Amino acid sequence: MASFRRTLSPAYHDRHYINGDGTAFSPSSPSHKLPSSNTNYSAIASSFQRLIGGVFMRRYNRKGQWRKVAFRCVLCFFVGFLLGMFPFGNLIHEIPQQQRENNDNIIAFDINKTPQSDAKSILNNRVLKKHVSVGGGDADDEDEDKKGKGFMIEQVSLSSNMNAEKDNENLKERELGESEKIDIVARKQLIIVTPTYNRSFQSYFLNRLGQVLRLVPPPLLWVVVEMNSASMETAELLRKTGVMYRHLVCTKNSTDVKDRGVHQRNKALEHIEHHKLDGIVYFADDDNVYSLDLFQTIRDISRFGTWPVAMLAPSKNKAILEGPVCNGSQVLGWHTNEKSKRLRRFHVDMSGFAFNSTILWDPKRWRRPTSNPIRQLDSVKEGFQETTFIEQLVEGEGQMEGSPPGCKKIMNWHLHLNVHNIVYPKGWMLEKNLDAVIHIK
């Protein structure tokens, strides 16, 4: 088969083009000049045509050219995908607020781009009240003022993302002004230390104290210390209270222990000092009774605070008051009913004081004379653990605070409710059912 090819005529660059009058064409002729913008446009258009023609309209006569076509299609798809994802601009613009306020005859609709601007639209995007004249133009102005100019358009919220109730609340908050903004004050953390041991009333005491601490506003950390090993019953009870807690174990040999509570509290003090916990430390035994006002009051303590405690005498036939006598927040003296303890320096119960935890691990802040660890002593006489421990925290009554001012309110009670000779049920559950004494007829 014969093939026909179109031969390309050679380009003659030296050829002169003749005008109708026989003169050569001059590029510098002003009548034939083209603007520079048209020249650039024609250059870009020709480049684009060559690109499109090279990609789509080129003929391939060799094998394997389909790979190039597929590659170029994928490349074009990828470039188009990137162009589609890239934000070239935003067609939505907000109307300036000043323009909306100055123009009383235009109802401004703001198209918000962010949730913050949407919240502002509740306060700013409102229909301005406009009186519209109803009467004719010949009526007197005074008569129109008496009769009423027309109707009034009430304020309408133009935000579609929030309901009417929230709109009204935001409008009221704006009317209150900046002077009535709520200031958020951080509360001090309370570190409640509770020594406990296996006995018949342990479940009752821990449940009662846990329910009280659950009502105290956070932050609060409950440090519960057991002897020798952590019981599963205590761990399960602590999980159910819903209070943030830490379950510690004192591994001190029980045969050498004179007062188990002293070593359990020392274990908690070591934990606070090691982890540098910041807060107000309070020794809350599980057999005491506490009011919620107590925990709110001790949050205001800066260094050391104390208050009177009501105690039930061992004979259980009278009540005893023990604690400070105050003039406002200043401690003037001490009150006690026990003659055997009048030799103590500070007459206060173990549950009648609280202190800042930084005293334990930051002696420079409080200018302590020594950096020795602060611990309770087991070698002293019973009833003197409190005063010997407080002497390590403060130098005298001048560094104490009476809580609450005046020290006239009893906020906790120390009751002796221990019951002896009662079997401690394992897991606080009965192994077998009780015998029926009265049968149903």
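The backbone N, Cα and C atoms fix where each Cβ goes, glycine too.
The feature transmembrane segment is assigned by TrEMBL to 69-89.
Annotation source TrEMBL lists Mn(2+) binding site at ASP287.
The number of other Cβ atoms within 10 Å of the Cβ belonging to GLU322 (site 'Interaction with galactose moiety of substrate glycoprotein'), over all protein chains shown, comes to 20. Summarising the annotation, TrEMBL assigns site 'Interaction with galactose moiety of substrate glycoprotein' to GLU322.
In this view, GLU386 (active site, proton donor/acceptor) is surrounded by 23 other Cβ atoms within 10 Å of its Cβ, with every protein chain counted. The feature active site, proton donor/acceptor is assigned by TrEMBL to GLU386.
Annotated pair GLU386 (active site, proton donor/acceptor) and GLU322 (site 'Interaction with galactose moiety of substrate glycoprotein'), C-alpha to C-alpha distance, rounded: 12 Å. A 10 Å cutoff on Cβ-Cβ distances gives ASP287 (Mn(2+) binding site) a total of 20 other Cβ atoms nearby, all chains included. The separation of ASP287 (Mn(2+) binding site) from GLU322 (site 'Interaction with galactose moiety of substrate glycoprotein'), Cα to Cα, is 18 Å.
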